[in-house]
Each structure stands twice: as structure tokens, then as C-alpha cells.
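What Swiss-Prot annotates here:
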BINDING   H26, H80, D163, H167  Mn(2+) binding site
BINDING   H26, H80, D163, H167  Fe(3+) binding site
Amino acid sequence: AYTLPPLDYAYTALEPHIDAQTMEIHHTKHHQTYINNVNAALEGTSFANEPVEALLQKLDSLPENLRGPVRNNGGGHANHSLFWKVLTPNGGGEPKGALADAIKSDIGGLDTFKEAFTKAALTRFGSGWAWLSVTPEKKLVVESTGNQDSPLSTGNTPILGLDVWEHAYYLKYQNRRPEYIGAFFNVVNWDEVSRRYQEALA
């Protein structure tokens, strides 16, 4: 069964950009609920011991009765597990090395990336995510998904994600999603994103 991954920092650590109350509720309540639900759906099946990312990659071949729960709750678990890791206190700044080079060659540079990523997060109607992903051709792409859909299900590997469900920002930012997106760039853990980029290339 899946379990809630501990955070590498305190709930207060991302203040003032992401508030402690949001972090605690988001982690212990929302993420935990996705885990409880996907565990319940997979209990007693041969899929219960597989990494959730592997199930999302082969979503279309899963038994029909499991597709919905894995897509929604398994997606919620995988997406949030990535989200916590790509955040860090004293984050932000700029990516370095191979990732910086790829952002330049594939997307047009950091400013262009931030613009595209902000647009993806802003124009996602309703709930969903903005992503920086690696395609099967090993190219970087900015994309967005609805609800808890994962880029893994369409063959891409997400390396940076931003949750734009209202539960991720409403307590502090209410309807000011643009402000939340701007604040996110101050807590991005580019070292972790770079690590995930290298992993996706392997």
C-alpha cells in the first residue's frame, strides 16, 4: 500500500510564499485522501504492489474498474509526491547546467519558460496542474493537465509541477491565482528538477 511521503522541510518553511496552514492541510488531508482512496481501490489486486507511476504509464491497459481510481487518486498521489519535492525553502533562482541549456534550446530560455508555464497554470480552467515535462524524444515541453491527470499517462515524464487546484492556494491567495503562480517561482527546487531531468534522459 502507498503511504504519505514525509516532507523535507517544515510546514512553515515556505512562508511567505506558501502559507503553513495550506501546506499542512494540503499534505496531511488532501494528499492523504488520494492515498487512502487509491489503496482502497487496489486492495487485493495484483497491482497493489506496483509503483503508482508505473500504473499511470499503463493506465489504458488497466482493468476498466481501476482506471478511474488510478487516474484520479493514483494521479493525485503521484502528482503531489512530485510537488513536495520540487519545492524548497530559499528556492527559486535559476536552473544550471544541462537543464538550463535544454530550457534555452527547447523552450527559448528561462523567461520564455516562465511565461509559458505561467500561461499554462493560469489558463487551466477549473482544477489541474501546470508541468515542465520531458517527452519520449527527450525534449522539454510545458503542458497542463486537468484534475489529477498525469503527464505519465500520455508518455511524458513530469519534472516540475504546479498544483492549481484551489485547495493549493485559496487560504492565502483566494481568487488571485496569478499571485500564487508568481510566488511559486520563489520556492522552486531547481536542483531537484535538474536531478529529475537527468533521470528522465537516462
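In case you wondered, yes, glycine gets a Cβ from its N, Cα and C as well.
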* Where does H26 (Mn(2+) binding site) sit by DSSP, helix, strand or coil? -> helix
* To do: Across all the protein chains here, work out how many other Cβ atoms are within 10 Å of the Cβ of H167 (Mn(2+) binding site).
  => 13
* Residues flanking the Fe(3+) site, with Cβ no more than 8 Å from the Cβ centroid of H26, H80, D163, H167 and excluding those residues themselves -> H27, H30, H31, F83, W165, A168
